[in-house]
Amino acid sequence: MSTIDHLPPLRSVIRDHDLSARKSMGQNFLLDLNLTAKIARQAGDLSACDVLEIGPGPGGLTRGLLAQGARRVLAIEKDARCLPALAEIAAVYPGRLEVMNGDALEIDPLSALTPPIRVAANLPYNVGTELLVRWLTPQIWPPYWQSLTLMFQREVAERIVARPGSKAYGRLAILAQWRADARIVMQLPPDAFTPPPKVSSSVVQITALPAPRYPADPYVLSKVVAMAFNQRRKMLRAALKGLGPDIEDRLLAAGIEPTERAERVSLEGFCALARAVAAT
């Protein structure tokens, strides 16, 4: 039994409930409760927060969040095989764990959550980026969440915190850093999971700012950035020609040379360009 919550070790839970990870669901289960507890601590003081968790699987991180003192955890799990294991956790923490069986891409969790809200998850790799983009692109800011403590494949994590001029710099970096602080807070080796993935994983902490760093319309900025990085090796005057025949004038108005490439334009530069495009 675990000294954290007197529940069985994760290996036993996975064995007893026959929870072999399914590649089709993007599953890689964390095995070490010390690691899940460490991830939960990265989310900060949870005693006054509801926590949204996506893809809890056998419940390793769920247990860490509850042991860390989370006021309440709402866990969305698509794989019905995991529900009995999660029910065992709920029995140890009465009234503090609610489990929804469904697809996180199709469920609106807000009605089941009470602010303040934080998100913590070992995201299934096949939906992680899409969920992150949704969390980062609401029209209204600040968002419903205070912070996101999320595990990704290391390559994705590096894209979130990347700086201009690096190969990893792109849309994710701009969306994450425009209205939030983003940093990598943990690295995890493949053998921390079952089955072991081919690459290392990283935990990223994203904390919402009260307001954007620079003014810009979210829709326009997202559109401009997507177009620019879809053809990142092209000069911006070519990559953005779909925005209109006067795109060179708009680039110059934003202080950007039309011959520049997307990977060398700063966040401030893209926001200036979004304002110039919106002014047309």
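Cβ atoms are placed via backbone N, Cα and C, with glycine included.
What you are looking at is a predicted structure, and each value in this text was computed from that prediction instead of being measured.
Checking the candidates Glu77, Glu155, Glu158 against Swiss-Prot: the one annotated together with Asn28, Leu30, Gly55, Asp103, Asn122 at the S-adenosyl-L-methionine site is Glu77.
Binding of S-adenosyl-L-methionine is attributed in the record to Asn28, Leu30, Gly55, Glu77, Asp103, Asn122, and the widest Cα separation among these residues amounts to 20 Å.
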